[in-house]
């Protein structure tokens, strides 16, 4: 073996990807980075506020303070606080008749409404994990494996071509066989391309992804309605009039019918309302952006893998409407780019391909690695001229 052939063989051996058999791809990401950020904020933020509300209640004492008459005993004053907190109804005087009653229950339901909000925001995540993630994981495992295998097959094919050229005594026979193989498309492995083309006609993953983000938008709209209808009504009311002439104090004739109480937890309600409104308003553009990514193809990823034989979805204009499962798979391939070992190699080859002066002879990784190994990507001109001279 000559020194040039040995160097070419070493170069091709180094270009082969390691075989990853057995348990692998354990860190496969089945959520996009922005989706994960939205999940952590949409679910974790209300839980954080709920813990702060409970902590404030335990540290600051009762959430209300009623101004009982000075002649009340300690037991009667405690009963007034407890009764007013249980009822939490404001009695507003009315000139036309009896008092108007206004419920202040959002104060009492604040921690539990935050818990319900966190559960509601986690439902779209559960939907994705149990409905779409298993199918997506299977697709990604197969596609990542086939992309790396297709790259390795191309490198091994160049190694085989190099051995045949070295052992061939007649260069005409070698180039004739090579041109025949290209004409018959022996170098192509169309299984992966056909599988991806079939995914363009599937809409299960994209429907689940659209449903997940649509539910997030729907629940965010419900938050706005809840805050606007219930919290806004009690947002500025710090004091209320409570009726305590029931139960233990029902027979007391010397006490007033209404007692003024002050809501010490009003600041907590205001902070929770404003912070929730701000956070979920900021999440809406992110969710909408996640949806808009389904309206365009990640052509850079596809263009890099066009270097593989029989992977010409772009050049053959096989891409149609981007709202299908293939586009979702491409988004997650981009998120799992660290698992695609062949991506870095093909990215380098694409850069070198764009810089070479003989672009018309280089279409795939087979052509480029053939050139790097010291072989011409097509039949040399002097052999073509010799054949023409022998057959005038």
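Using the three backbone atoms N, Cα and C, a Cβ is placed for every residue, glycine included.
Per TrEMBL, the range carrying the annotation transmembrane segment out of 172-195, 244-267, 268-291 is 268-291. Ranges compared are 84-107, 132-155, 204-227, 300-323, and TrEMBL records transmembrane segment for 204-227.
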